[in-house]
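Student: Input: one structure, supplied below.
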Amino acid sequence: MLTRLKAKSERKLAKQICKVVLDHFEKQYSKELGDAWNTVRDILISPSCWQYAILLNRFNYSFELEKDLHLKGYHTLFQGSLPYYPKSMKCYLSRTPDRMPSERHQIGILKKYYLLNAASLLPVLALELRDGEKVLDLCSAPGGKSIALLQCAYPGYLHCNEHDSLRLRWLRQTLESFIPQPLVKVIKVSELDGREMGDAQPEMFDKVLVDAPCSNDRSWLFSSDSQKAACRISQRRNLPVLQVELLRSAIKALRPGGLLVYSTCTLSKAENQDVISEILNSYTNIMPVDIKEMARTCSQDFTFAPTGQECGLLVIPDKGKAWGPMYVAKLKKSWTT
């Protein structure tokens, strides 16, 4: 009976896959990823295989919840020794596609955990946030990476920016659900076009995260409106232009000596490696930071595709490691121009 129900729900989900998007991805990613694309595609089109990590909220820590996760066979992420991994960040994974229910938003009550794609923590950890630093999350909604940053350290100032007004509401609610009142004082939320941030706040930040708008491969595959999907695909070639502009703005906002992390949730080389190559080729004061060690340390929990870049990693979904897609690149602004 259960098997029949599962098969029925999988058929139902399969019907919702947008053929226009899948055909487009098939053409592009079979070239870019080679044989690996077959496995990646099978996972992306099968939500029953997707996994969800549980990031504990240190501002409303529950010993009972952590004990329960251990009993259910969850293990902590990054059991290897990453160069930067704060003890205050606790993230649990299940080796099976088990999903905890999301907690309801209740005014005045902090949530105990945040559900996320575990690969989303890689850009946060690559940023190496320390207590007292000024940090900018340029494209912040829905707020998961800002929440994760606050599990790592107590910044002197956290600027969460989101240009889209609907997503901004979502961001505000996320922050309200996870962050205690005293810490809210060091957080600023704004609705600026990210391309203008550099001019508005030049050399203001020690660390900048650009989790850029991109072809969100997972959600695009399940577009219910095929006309809208076709329109998205035709406009897709414009995304790298926006991503480069956001990075240029982020570089202006970053102080000399500061670190910048760029991330997307797409497999697309045009939006990942090519964007970073364009930035590195057009600045003499922006240096790549080698993050290969991160891939070596995390290989137990993630599968990485080669990027041809020492400063860039690409997590691809794999059997039993259904995380990603997630591209992460790390750059440093030097003192000379």
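Yeah, the Cβs are placed from backbone N, Cα and C, and that goes for glycine too.
Because TrEMBL annotations are produced automatically, they should be read as predictions rather than curated entries.
What TrEMBL shows for this protein is this:
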- Cys265: active site, nucleophile (ACT_SITE)
- Cys139, Ser140, Ala141, Pro142, Gly143, Gly144, Lys145, Glu162, Asp193, Asp211: S-adenosyl-L-methionine binding site (BINDING)
- 44-334: domain 'SAM-dependent MTase RsmB/NOP-type' (DOMAIN)
Student: Would you mind pulling the longest C-alpha to C-alpha span across Cys139, Ser140, Ala141, Pro142, Gly143, Gly144, Lys145, Glu162, Asp193, Asp211, which the record has binding S-adenosyl-L-methionine, in angstrom?
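Tutor: Comparing all Cα pairs, the maximum is 20 Å.
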Student: Calculate the distance in Å between the alpha carbons (Cα) of Cys265 (active site, nucleophile) and Lys145 (S-adenosyl-L-methionine binding site), and round it to a whole number.
Tutor: 13
Student: May I ask which residues of the same chain, at least 6 positions away in sequence, place their Cβ under 8 angstroms from the Cβ of Asp193 (S-adenosyl-L-methionine binding site)?
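Tutor: In sequence order, His163 meet the Cβ cut-off.
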Student: What is the number of other Cβ atoms found within 10 Å of the Cβ of Lys145 (S-adenosyl-L-methionine binding site)?
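Tutor: A 10 Å sphere around the Cβ of Lys145 (S-adenosyl-L-methionine binding site) contains 23 other Cβ atoms.
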Student: Taking the domain 'SAM-dependent MTase RsmB/NOP-type' (44-334) alone, what is its mean pLDDT?
Tutor: 94
